[in-house]
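Asks: Got a structure for you, questions after.
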Amino acid sequence: MKLVIVESPAKAKTINKYLGDEFKVIASFGHIRDLPSKKGSVIPDENFSMKYDISEKAGKYVDAIIKDAKKAESVYLATDPDREGESISWHIAEVIKEKNKVKSDDFFKRVAFNEITKKAITHAIENPRKLDNNLVNAQQARRALDYLVGFTLSPLLWRKLPGCKSAGRVQSVALRLICEREDEIERFKSEEYWDISLKMLNSNNELFTAKLTHINDQKLEKFSITNDKEAKDLTEKLKSQNFHVDKIEKKQQKRQPQPPFITSSLQQEAARKLGFSAKKTMQIAQKLYEGVDIGKETIGLITYMRTDGVTLSNDAVDEIRKLINKDYGDKYLPSSPRIYKSKVKNAQEAHEAIRPTNINYIPNDLKEKLEKDYYKLYELIWKRTIACQMENVIMDLVNATLASENKEYLARANGSTIAFDGFYKVYRESIDDEAEEENKMLPPLKEQEHLKTKEIIPNQHFTEPPPRYSEASLVKKLEELGIGRPSTYATILSVLQDRKYVTLEKKRFIPEELGRLVTVFLVGFFKKYVEYDFTAGLENELDEIAAGKLEWKSALGNFWNGFNHNIESVNKQNITEIISYVQQALDYHIFGENKDSKVCPSCKTGELSLKLGKFGAFLACSNYPECNFRKSIVSGNDNNEADGEAKDIVNENKVLGKDKEGIEIYLKKGPYGPYIQYGEQVDSKIKPKRSPLPAGLNQNDITLDMALKLLSLPLKIGNHKESGEEVLVGYGKFGPYIKYMGKFISIPKKYDFLNLSLDDAMKLIEEKLNAIAAKQPNPLNMDEVTNLVDKKIKVKKTKK
């Protein structure tokens, strides 16, 4: 028995019908091994050794693979024809070697095919090769890079920016693009401008529209007319002018078809034309590739969908040209096949473009046999494939220049018509941001023909900010920058949404506050690693590894040395400095240009500033604790410390010193913020004495003496000079206080409560008691105001 292993049951089912009884086709159900999500899965100090585990989910499938492999005379590894597929095959081979004690590599045969057809499968089985270690190493390097970034940068994020979930090597760069576009939009200042339209009638009374372009030989620029008065004055002048056709220019323009689909262009066009997300597009394309039931049989309808190559096989081109000639006629067929070259930065072009496996499977014939969305995507791929080998579209363009009698004013009218529809017969590509109006036909015009002015219309416009990224335009931008690969685009977009860093509204990406915090932090403290050129450079290095031009562990070492140094440096960075930088970077976004927006809306005297709490970032009033206003800046955050204290976050356990008995005093971070701790906790049932860090107190300013005083609270500072009762100073939920005869009296911010004198305390007590007495009603009109606290305190009698 010869064992064939593929990734999915659907693929196995389709392939099985093309092979004889001597073959058994089984599925691995995707990856069988991966780096576990824990520390130590990649060990840089051990030459980047990688510790793979068989996932719990894959366990039963691995058992079946091992069992069948024991009976097999050879194993055909028929996973997808890219780096990831090569990696899956390598992992399967490694597990079989380990479990079945297979020593010879000849036992394994790697077969790769770009489409699941009988011809392609048979050819692959008859022409096996060995596993390509270069491709495997490139995929291992990518996985190691992603792991090292994720498992070193993410924990640092948790410590420095509570509430932020993770950072990834490529996702962070995509997030930066979205955030920077939002910054552009926020800072954009709209400007007013005007243009003038002329509604004209030719000698046959046929209406057309022209636009004013010149005044006294001066070309009108975008901002030549900037207000209503200028526009109206000019409109009045034009009403008295007589115009004629000064010049007519005619020319033809050829429009060439777009290349066949690659992964990114398929995702972009499916988003524009069908409204599919990148993830949905790839899920459907995967099914169309692996095989779908079309009634009489299960077949793979399209070629492999993860590709950046734009070439088509000679056989495919021949079949496409035959169909064009048969169904559309020879005038739609170019004299020779069209050949395309990729414009994608760092394109691998190892595979064909995405095309139907059999161009004679006409979409309309399959409409009733395919699920609705499957049909839509297949039709899109089929039409694009046909169109890419069809004749050009030919456009007739007409430009008419209109002039006033003395040529003081010139206007222009443009028109276009399709002289030959060419590939438009089958397919027309969409664009992201289409103009409001396309060129229209002009009526017949002759030079020197006199025209009638029907209407002069001043049009007001305002400049608009750049549009937010759609899925299509973001994928296009990533592709242009050379960031990511065909297999990663959909995942990048999904991860950003899953982690609540961005939302997709009206098919446009909007960054959440959490995403902006992460981006500001990374740009400020890891700028090199979120630079577009650097990330594209890493992709290029992975390509060089795949081509055997670069040793993969050497590439990992070059990256890790600098990145790890950066991590260590930021780890030592003071949280106050980080908060200060983040606030400065987000200042315009949070407060805008109006300085009054920083004024606390509650107390009207304090100033709002950024704080970080256990649930993330929030704004707090500088008058805390007198003013307890705070507001989360993270949308959807219900736990925004609205009833807690505004705190900075301390990230390290720090020893401040020892007391007289030699016990160490610690500054630590807890779930509710920084605190002081007396000694180590040696018994899990007995907690050492602790004291929260007062709000507004910078943890870097805490001294041993201050810490000891905090731990001694509540502290007796003396006895009241009149009543003889003890006076205590403490610190609680609402800040520092004086405790006197069962009453709690807040200590204003202007006092240093840790060094409060008895005289100051007595003054605050008296003010408080007088305030209480003043608020008491006196319905009996008594001569003496009753002392509500204690009769031992003497009070003056009021006059009747």
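Heads up, the Cβ atoms here are built off N, Cα and C, so glycines get one too.
Since we're looking at a predicted model, the values are computed, not measured.
Not my notes, these are from Swiss-Prot:
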type     : residues    : note
BINDING  : Glu7, Asp80 : Mg(2+) binding site
SITE     : His31       : site 'Interaction with DNA'
DOMAIN   : 132-568     : domain 'Topo IA-type catalytic'
SITE     : Arg142      : site 'Interaction with DNA'
SITE     : Arg143      : site 'Interaction with DNA'
SITE     : Asp146      : site 'Interaction with DNA'
SITE     : Trp158      : site 'Interaction with DNA'
ACT_SITE : Tyr304      : active site, O-(5'-phospho-DNA)-tyrosine intermediate
SITE     : Arg306      : site 'Interaction with DNA'
SITE     : Arg499      : site 'Interaction with DNA'
Asks: Name the one residue among His31, Arg142, Asp146, Trp158, Arg499 whose Cα is closest in three-dimensional space to that of Tyr304 (active site, O-(5'-phospho-DNA)-tyrosine intermediate); these are the recorded sites.
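Replies: It is His31, whose Cα lies nearest.
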Asks: By a 10 A CB contact count over all chains shown, which of the recorded positions listed here is most packed: Glu7, Asp80, Asp146?
Replies: Asp80
Asks: How many Å separate the Cα atoms of Arg306 (site 'Interaction with DNA') and His31 (site 'Interaction with DNA')?
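Replies: Cα of Arg306 (site 'Interaction with DNA') to Cα of His31 (site 'Interaction with DNA') measures 17 Å after rounding.
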Asks: How long is the line from the C-alpha of Trp158 (site 'Interaction with DNA') to the C-alpha of Asp146 (site 'Interaction with DNA'), rounded to the nearest angstrom?
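Replies: Distance (Cα to Cα, whole Å): 18 Å.
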Asks: Find, among the recorded sites listed as His31, Arg306, the one whose Cβ has the highest number of other Cβ atoms within 10 Å in the structure shown.
Replies: Arg306
Asks: CA-CA, which of the recorded positions Glu7, Asp80, Arg142, Arg499 lies nearest His31 (site 'Interaction with DNA')?
Replies: Glu7
Asks: For the recorded sites listed here, Arg142, Arg143, Arg499, which shows the highest count of neighbouring CB atoms within 10 A?
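Replies: In terms of Cβ crowding, the pick is Arg142.
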Asks: Using the alpha carbons only, what distance in Å do you get between Arg499 (site 'Interaction with DNA') and Asp146 (site 'Interaction with DNA') once rounded?
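Replies: Approximately 17 Å lies between the Cα of Arg499 (site 'Interaction with DNA') and that of Asp146 (site 'Interaction with DNA').
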Asks: In the structure shown, with every protein chain counted, which of the recorded positions Trp158, Tyr304 has the densest set of Cβ atoms within 10 angstroms of its Cβ?
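Replies: Checking each of Trp158, Tyr304, the winner is Tyr304.
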Asks: For Glu7 (Mg(2+) binding site) and Arg143 (site 'Interaction with DNA'), determine the Cα separation and express it in whole Å.
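Replies: It is 19 Å, counting Cα to Cα.
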Asks: If you average the pLDDT over the domain 'Topo IA-type catalytic' (132-568), what number do you get?
Replies: 92
Asks: If I take the alpha carbons of Arg142 (site 'Interaction with DNA') and Asp80 (Mg(2+) binding site), what is the distance between them in whole Å?
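Replies: Cα of Arg142 (site 'Interaction with DNA') to Cα of Asp80 (Mg(2+) binding site) measures 17 Å after rounding.
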Asks: Could you give the Cα-Cα distance between Arg143 (site 'Interaction with DNA') and Asp80 (Mg(2+) binding site), in whole Å?
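Replies: That comes out at 17 Å between the alpha carbons.
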Asks: Quick one: Cα separation, Asp80 (Mg(2+) binding site) versus Asp146 (site 'Interaction with DNA'), in Å?
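Replies: That separation, Cα to Cα, works out to 21 Å.
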